[in-house]
Amino acid sequence: GNAYMRIYSTKTTRITANATVNAADTHVRRSANYKPSSWSFDHIQSLSSKYTGDDYVARANTLKDAVKTMIRKSGNSLRTLELVDELQRLGISYLFEEEISNLLETIYYNYYKFPENWNKINLNLKALGFRLLRQHGYHVPQEIFLNFKDKNQNLNSYLLNDVVEMLNLYEASYHSFEDESILDDARDITTKYLKESLEKIDGSIFSSVTHALEQPLHWRVPRVEAKWFIELYEKKNGMSPTLVELAKLDFDMVQAIHLEDLKHASRWWRDTSWDTKLTFARDLIVENFLWTIGFSYLPNFSRGRRTITKVAVMITTLDDVYDVFGTLGELEQFTDVINRWDIKAIEQLPDYMKICFLGLYKSINDITHETLANKGFLILPYLKKAWADLCKAYLVEAQWYHRGHIPTLNEYLDNACVSISGPVALMHVHFLTSVSSIEEIHQCIQRTENIVHYVSLIFRLADDLGTSLGEMERGDTLKSIQLHMHETGATEPEARSYIKLLINKTWKKLNKERATVNSESSQEFIDYATNLVRMAQFMYGEGDEDFGLDVIKSHVLSLLFTPIQGI
């Protein structure tokens, strides 16, 4: 089923295939034994931040002006790339989008567009520029790195003393497309070099290398990275006190907006009454909200965070209906009602399914109404289809389970890319961008079909990889790891390696697609979609037993409840 909240609890196995519900409902339904929420409604509503006053806004504006002056003074030199990188990693580049856009355009035409200019750039800035320019949609070919190896295919000896250079080349290599062998070699060589260098380095460079080897920057969640990088950058030689102060202040001011979004979502959750009327429903409003910060932490995405939290909660609840509580007969009826989207059809459903359908029906209609009021177009047909597709995919998994069918890995993944819930979540995201015409959004939906598929595939594989073997043994459906073992006779470590390889290959396809679908109206959506992948890889780890509730709780406290500058 769905991945959003799998890691917070372990489900019991599904009810048996021959379980039926008669008029007296003699079948005893299993509870999934979920833990109660760590945060009560009253606690969430009591949260507040002092970083909302006019004084903070005024100070932030003064600091922004100072940074704009820094950017102007840096000119169009290649060194300016380091400033752009710092602004991005500190989480404040969104405040200087126009300045950064102009800078990168000038630097691209001066140094990167024409091969005859490449020899003016040292490897460090080649790698940094390559990463930033590809990230921003510029075409920079892999051949820019042709001479980083000697004729024996080893690293050129003059590179062997510069860890920062190797680190930048390592990070650049994760922006590769399929069949870019120069970048593949760069990744292999730099990974080996950086691992070996750990014994010889210390301080902030040691922290940076360890961090990068755990996960490359391109795969990291921007908000989580900002929290980490602010603390690292503050201790760095030559750091800018202006950047540090602005990054901290902005982090705390934006966190205050997130708190209001969370409180809004929490009130909505209470109003659904699902936590009291649906005994199996999980109260995971805070954890679900954390996902939305992964989509976008920016202040102007408030409506998006509030909407996506509702979507994630509804996905989690439907997942429990299909995975834990419903009999196969009930699930087939329920899927039919969702497909018809007809309130009159709910008479045939058991009471808990009526409550579930009515909650979904009302919430989707409310979202539709809000979009109609704000943007002037009707999105219900798009949303109805996305939710029906999700429920059909859930039903397929339930049918496989009840019939004892073991799908092939490809058969599983075709369905699991839908049941992971990426397509339904991203369909909602299409209508939360700043694009204001339904024609443009329709074009964007068509243009980004491959992106949605690749994002959903990595989302699914990351979820499966994050399922430890113990959890799989307790769980109710086969995952891609087990299916690969079943098909090929591979061991569990071999199967995990294969899934990681698939994730790597799919990232390359996603990178290519991001570069190809380079229209302004799609860019915002593409960034949100890529952030969903990053959030999935962040939330699921790689099957570590300890990656559970306590880890997530610490992230919630760090990102949502604790200001950097203190309370």
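Just so it is clear, glycine is given a Cβ too, placed from its N, Cα and C backbone atoms.
The (2E)-geranyl diphosphate site recorded in Swiss-Prot includes ASP319, ASP323, ARG460, ASP463, and the single candidate from ARG282, ARG340, ARG496 that the record places there is ARG282. Note: the Cα of ASP323 ((2E)-geranyl diphosphate binding site) and the Cα of THR467 (Mg(2+) 3 binding site) are spaced 16 Å from each other. Here the binding-site residues are ASP319, ASP323, ASP463, THR467; the one with the fewest Cβ atoms within 10 Å of its Cβ is THR467. Here the candidates are the binding-site residues ARG282, ASP319, ARG460, and by Cα distance the one nearest THR467 (Mg(2+) 3 binding site) turns out to be ARG460.
Neighbour counts were taken as the number of other C-beta atoms within 10 angstroms of each residue's C-beta; across the binding-site residues ARG282, ARG460, the minimum falls on ARG282. For the motif 'DDXXD motif' (319-323), the model's pLDDT averages out at 90.
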